[in-house]
Amino acid sequence: MGLLDLFIAASMPVLKVLLITALGLVLALDRIDLLGEDARKHLNNIVFFVFNPALVSSNLAKTITSESMKKLWFMPINILFTFIIGSILGWAVIQITRPPQHLRGLVVGCCAAGNLGNMLLIIIPAVCKEKGSPFGDPGVCHTYGMGYASLSMAVGAIYLWSYVYNIVRISSSKSSKEVEINDSSASRSPRESSISQLGTSAESLLPSKAFNGSESPPEQLELPSTRFDHKAQMQPGTKFKQYMEIISRKINLKRLLAPSTTGALAGFIVGLIPQIRKLMIGDVAPLHVIEDTAILLGDGAIPLLTLIMGGNLLKGLTGSGIQKSLLVGIIGVRYIALPLIGIAVVKGAIHLGLVQHDPLYQFVLLLQFALPPAMNIGTITQLFGAGESECSVIMFWAYALASVSLTLWTTFFMWLVA
């Protein structure tokens, strides 16, 4: 198969995505306002809670078996590599560009987390349908490709909400603390500041036995011993419960168990348990109507996701300025450094026998290194109010350049695995 045929096959899916994205951007304009901020918010909720879980569960249920699990075990590790390598490269970008504190978590997140769900769900089916595709029968390619993309989406969501969420949270909290310290220091005179610092030092260094009953109320003297007694009487079960509460607050388990992740678990259960699989999967299954309903709902996810993505990119046109060096660094990491490293990782895994010689599976593994940043990073910045406008600008330029980058890398990866 010629390189030109591969280029045409690779460019068609990206062009389709561009056209629908452009339509979403036009519909979000103030003059039309069919896809305004409120409309996007409501649509996004429907996609997040209904369409995505249906899409993920139906595709995984069809493709996941005990045999296929032996082949797919490397995908979560491959995605973990994208996060680790991206984080290291993001840290290097921070050291070179020196962005403000509140943007550092955003930079690492954009370099580490790719759009592992939505973009694959859009690109894979379109690539399978093209005549010049090297992946064989379009029906078989579509079935297995959507299963790979669904698994990628579920695993990516777990990594995103357990890692990037906390990176942005820590970065934004450090930034807010620095602002509070600077504001409090600026609002006090030098004399007041020195007196307060002296008082603080004296309080921390003064031993408790220097107080007597007349100098301090009895409650203040008894408080430390009361706390000590309370800790001493605390049972191991209570301590474990407190630790679990702290972990759940830090990691945000509600976001970690996103609907797409729950849908993936349902798909695994249906696919891996033979009795349930016979009941629900296949045209002759007694409960195949449930599978058909999930597929019908899931089919609406891809066009809606693309329209919402286009509407969200409108913010980047009106967003505030950002360091050009920072923007170049993020784009360079995502579209040059990561794909090159990804080739070495996947080829190394194939050489070691960790990945089977399935061209479509290898193509998906390679493509996971060349995707634009995850759109959910914008949601995370909104939650913490840190770098929201800068994130819109980054997303706009990253997805604008993805049309060129994805076409070139998709062509090269298809040639590499063909």
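For all residues, glycine too, the Cβ spot is worked out from N, Cα and C.
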Legend entry - Annotated range (TrEMBL: transmembrane segment) out of 47-65, 256-274: 256-274
Legend entry - Considering the transmembrane segment (360-384), which listed stretch of 73-94, 106-127, 294-314 counts the most C-beta pairs under 8 Å: 106-127
Legend entry - Chain residues outside the transmembrane segment (396-417) and at least six past its termini with a C-beta under 8 angstroms from it: 3, 6-7, 9-11, 13-15, 17-18, 21, 110, 119, 123, 127, 133-134, 309, 313, 315-317, 319, 327, 330-331, 334-335, 339, 343, 359-360, 362-363, 366-367, 370-373
Inset, instruction - Report yes or no: does the transmembrane segment (326-354) come within contact of the transmembrane segment (6-30), defined as 3 or more CB pairs under 8 Å with a sequence separation of 6 or more? - result: no
Inset, instruction - Please give the sequence-distant neighbours of the transmembrane segment (6-30): residues at least 6 beyond its ends with Cβ less than 8 Å from one of its Cβ atoms. - result: 36, 40, 119, 122-123, 126-127, 130-134, 303, 306-311, 313-314, 399, 402-403, 406-407, 410-411, 414-415, 418
